[in-house]
Amino acid sequence: MTNLPGIVITGASGRMGQMLIKTVQASDKARLVGVVDRPGHDWIGHDVGECMGGAALGVAVSDDPLEVFAHAQAVIDFTSPAATVEFAGLAAQARAVHVIGTTGMSEDDLKKIAAAARHATVIRAGNMSLGVNLLVQLTKKVAAALDEDFDIEVIEAHHNKKVDAPSGTALMLGEAAAEGRGVVLDNVSDRGRDGITGAREKGHIGFSAIRGGDIVGEHDVLFAAVGERVVLRHVATDRAIFARGALKAALWGQGKGPGEYDMVDVLGL
Ligand SMILES: NC(=O)C1=CN([C@@H]2O[C@H](COP(=O)(O)OP(=O)(O)OC[C@H]3O[C@@H](n4cnc5c(N)ncnc54)[C@H](OP(=O)(O)O)[C@@H]3O)[C@@H](O)[C@H]2O)C=CC1
Ligand SMILES: O=C(O)C1=N[C@H](C(=O)O)C[C@H](O)C1
């Protein structure tokens, strides 16, 4: 039992943090060795199981990531860009696999994570579910098959607490569509249309974001031509799909060399 990879969860009190803790706890392939939350959070020092309203798990919430990472084989991190950049350096120092689900990262954040991945195993994806990663592959194929007479639009919907847009998943889908078409997304991306925008430019890839209620995550890739439309869709109804994917990544990463990997590597898609 004690030979099982030890996992640390950051952002313990968050929506994904709590789901990840339950997922690791229920697994017979890994053990929960630590959880981290922000300094000053009222869970610090208390048993995380009790904080979550259940039975004690024998794991206290810490505000000292480096001390906790030192006991882990993997850190699963769904927090904020600033926290994730800090954790990337600390996980590398502790020689723990860093699984990153955090979205909304800037180019500068991504450079810092790439730097950490020069001497650490980092697995990062804007969506850890099997279904979305399959949709990414399908999007690439459909975009390669259809010409610019088909306008590509990525439409996403999430809960009203989400802080970043477009979602990490929408960006993955946009990148896949651009790759399928043989173009660079940054050169053809249409985001945040408002006012007198002019007619849609041929070849562009548009993004729209809906925010409301408790929507877990919904993504459509629309290929719209004159007289017909193709729609590829993924609907998440339970955050457990992301947590299962993240745990799978943490286990897959054991023994892998330094580098930045994604869920396509993990799932072998
Ligand atoms: N890749 C994927 O499959 C998925 C990715 N996500 C992404 O994961 C991220 C988190 O989502 P969600 O759980 O809904 O968000 P929440 O806001 O519910 O959770 C984030 C948690 O991280 C904590 N946190 C922030 N900064 C620190 C820090 N410096 N040290 C420790 N903890 C910190 C927050 O604490 P506090 O509240 O005090 O700020 C909070 O508890 C988002 O970027 C989201 O887009 C979500 C689902 C799936
Ligand atoms: O913030 C969320 O909730 C989600 N974030 C990820 C994203 O930005 O795509 C994944 C999922 O859609 C849920």
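Including glycine, each Cβ sits where the backbone N, Cα and C put it.
Database features (TrEMBL):
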- LYS162: active site, proton donor (ACT_SITE)
- GLY11, ALA12, SER13, GLY14, ARG15, MET16, ASP37, GLY101, THR102, THR103, ALA125, GLY126, ASN127, MET128: NAD(+) binding site (BINDING)
- HIS159, GLY168, THR169: (S)-2,3,4,5-tetrahydrodipicolinate binding site (BINDING)
- 7-128: domain 'Dihydrodipicolinate reductase N-terminal' (DOMAIN)
- 131-267: domain 'Dihydrodipicolinate reductase C-terminal' (DOMAIN)
Nonlocal residues around ARG15 (NAD(+) binding site), in sequence order (Cβ under 8 Å, 6 or more apart): LYS161, ARG239
GLY11 (NAD(+) binding site) to HIS159 ((S)-2,3,4,5-tetrahydrodipicolinate binding site) - Cα separation in whole Å: 18
Using Cα positions only, nearest of the recorded positions to ASP37 (NAD(+) binding site) (HIS159, LYS162, GLY168, THR169): LYS162
Which of SER13, THR102, all binding-site residues, has a Cβ with the fewest other Cβ atoms inside 10 Å: SER13
Contacting binding-site residues, sequence order - SER13, ASP37, ASN127, GLY168, THR169 vs ligand 2, Cβ under 6 Å: ASN127, GLY168, THR169
Of THR102, HIS159, THR169, binding-site residues neighbouring ligand 1, Cβ under 6 A: THR102
Distance from ALA125 (NAD(+) binding site) back to HIS159 ((S)-2,3,4,5-tetrahydrodipicolinate binding site), taken between C-alpha atoms, in Å: 19
Between GLY168 ((S)-2,3,4,5-tetrahydrodipicolinate binding site) and ASN127 (NAD(+) binding site), the C-alpha gap once rounded to whole angstrom: 7
